[in-house]
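Engineer: Pulled the feature table from TrEMBL, pasting it below:
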type: DOMAIN; residues: 61-357; note: domain 'Histone deacetylase'
type: BINDING; residues: Asp133, Gly183, Tyr343; note: substrate binding site
type: ACT_SITE; residues: His175; note: active site, proton acceptor
type: BINDING; residues: Asp210, His212, Asp304; note: divalent metal cation binding site
Amino acid sequence: MAKPSVVQDYRHPQPGTTSTFTVDEKIRREVWNNGIKKPKGYTVSYHANPEMEQMHFGQKHPMKPWRLTLTNKIVMAYGMHDAMDIYIPRAASSQELKDFHSGDYIDFLQRVTPSDNTWDPDSQTYAYNTGDDCPIFDGLYNYCSLYAGASLDAARKLTNHQSDIAINWSGGLHHAKKAEASGFCYINDIVLAILQLLLHHPRVLYIDIDVHHGDGVEQAFWSTDRVMTLSFHKYNRAEFFPGTGALDTTGPLNNASPGAHHSLNVPLHDGIEDAQYIKLFEDIVRPCVRHYKPTAIVLQCGADSLGGDRLGCFNVNIKAHGACVAFVKKFNLPLLVLGGGGYTPRNVAKAWAYETSLCIGAEVHPNLPAHTPFLEHFGNEKTLFPKLDLTRYENKNSRVYLESVVMGIMEQLRYLQGAPSVQMQHIPPDLGGLRDDLEREFFEETEERERSRRKKERRG
């Protein structure tokens, strides 16, 4: 009897005949099971730089770039990347950042080091509002230029018609001002991206569903009718950051200013529920689009508006949050989708992964794939849709109150004399200077009218 050969040819098992799939084979299976494929009739691009995920604000700081790692791992575990154009964007240059931010502020961010963390009123750290909520950490400038670069890249893909929906979950940092950090935000990537869009689009609608008011974006475009800002947020002037965004804050008070009635705010109380949130969002966004007629939309998807968030106070679940993305997508306008706040990383990652699936039109199954990296981080909640009601807030948003908010927004929209018609030209990067010029012109015109009125009265 012949002895079997010691060396035998290895035969690779066929897919489906063994449970020892490679990760790639498991992802292929997810793609097949979820029917994930390139959307028909439109293109989705996904902008993510892995360097961002390595940044660290500090052990006790609520902002965790780690949430981006979890988001990207879930997106790839489902195989959603198969349906999108994936880009690793470059960092924004200092000159690109200076298109909105002051040169001195950018120069400060470039040279500052963690040893400069101080709250001395005479220091630049104090002057630029860094060192407390906005700590100085290793790699700060690189962090800022990376997330801003991703938003700029996404905006350019839209204006070049390379994409119809562009996603950057690292962006959406809406509190940063022209020469000041604020609310964990150092560079306002949203403003920079909108400036890019305005080079090609006459009107941009900015929608913000972060639990905090989008004050930095509102302030940047306060005096122009080229951008309408619409923010849904918790409002309490004395007790909730940033204390701005009242219903009657709608832009410059004088109707002669182009920006009058173009800054819309939806102030909410604690504990708003899913059905209320979805209805309110649709009842307000629909007429805003109808009246303003934007040619592009920027949607900031801050996930601190989810229930159970470390810094939030709403009772909104992931599907309700995602319903806002799905509704905006239906307008079939160029759409820039950004991240924002969100301080319970496991829930942030699930929300943004789900909203990615909505952008590509895929219906993924709720159970996180077993091969998802860091799956143990999700504990017993290995589902895309956990119940976010472990910490519930009393719902203080009555039907009457929400109806009054909708009526207030409708009143502001009635002031609009149709969509503004603009001559396409270069957008002045110094929006602060532009605002000053407009206000100066307005006061000069007002004084001239007043002089003419007095002259007529004397003659009479």
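The backbone N, Cα and C atoms fix where each Cβ goes, glycine too.
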Engineer: Taking the Cα of Asp304 (divalent metal cation binding site) as the centre, which of the recorded positions listed as Asp133, His175, Tyr343 lie within 10 Å of it?
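Structural biologist: Tyr343, listed in sequence order.
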Engineer: Cα-Cα separation of Asp133 (substrate binding site) and Asp210 (divalent metal cation binding site), in Å?
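Structural biologist: That comes out at 17 Å between the alpha carbons.
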Engineer: Ten-angstrom check, please: count other Cβ atoms within 10 Å of the Cβ of Gly183 (substrate binding site), all chains counted.
Structural biologist: 20
Engineer: If you take the centroid of the Cβ atoms of Asp133, Gly183, Tyr343, the listed substrate site, which other residues of that chain have their Cβ within 8 Å of it?
Structural biologist: Pro62, Met63, His175, Phe184, Cys185, His212, Phe241, Leu311, Gly341
Engineer: Taking the mean position of the Cβ atoms of Asp210, His212, Asp304 as the divalent metal cation site, which residues outside that list, in the same chain, have a Cβ no more than 8 Å away, listed in sequence order?
Structural biologist: Val211, His233, Gly302, Ser305, Leu311, Gly312, Gly340, Gly341, Gly342
Engineer: Just name the winner among Asp133, Asp210 (the binding-site residues) by count of other CB atoms within 10 A of its CB.
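Structural biologist: Buried the deepest by this measure is Asp210.
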Engineer: Fill in the CA-CA distance, Asp210 (divalent metal cation binding site) to Gly183 (substrate binding site), as an integer in Å.
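Structural biologist: Asp210 (divalent metal cation binding site) to Gly183 (substrate binding site), Cα-Cα distance: 12 Å.
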Engineer: Measuring Cα to Cα, how far is Gly183 (substrate binding site) from His175 (active site, proton acceptor) in Å?
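Structural biologist: Just about 6 Å between their Cα atoms.
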Engineer: Average pLDDT across the domain 'Histone deacetylase' (61-357)?
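Structural biologist: So the average pLDDT across the domain 'Histone deacetylase' (61-357) works out to 96.
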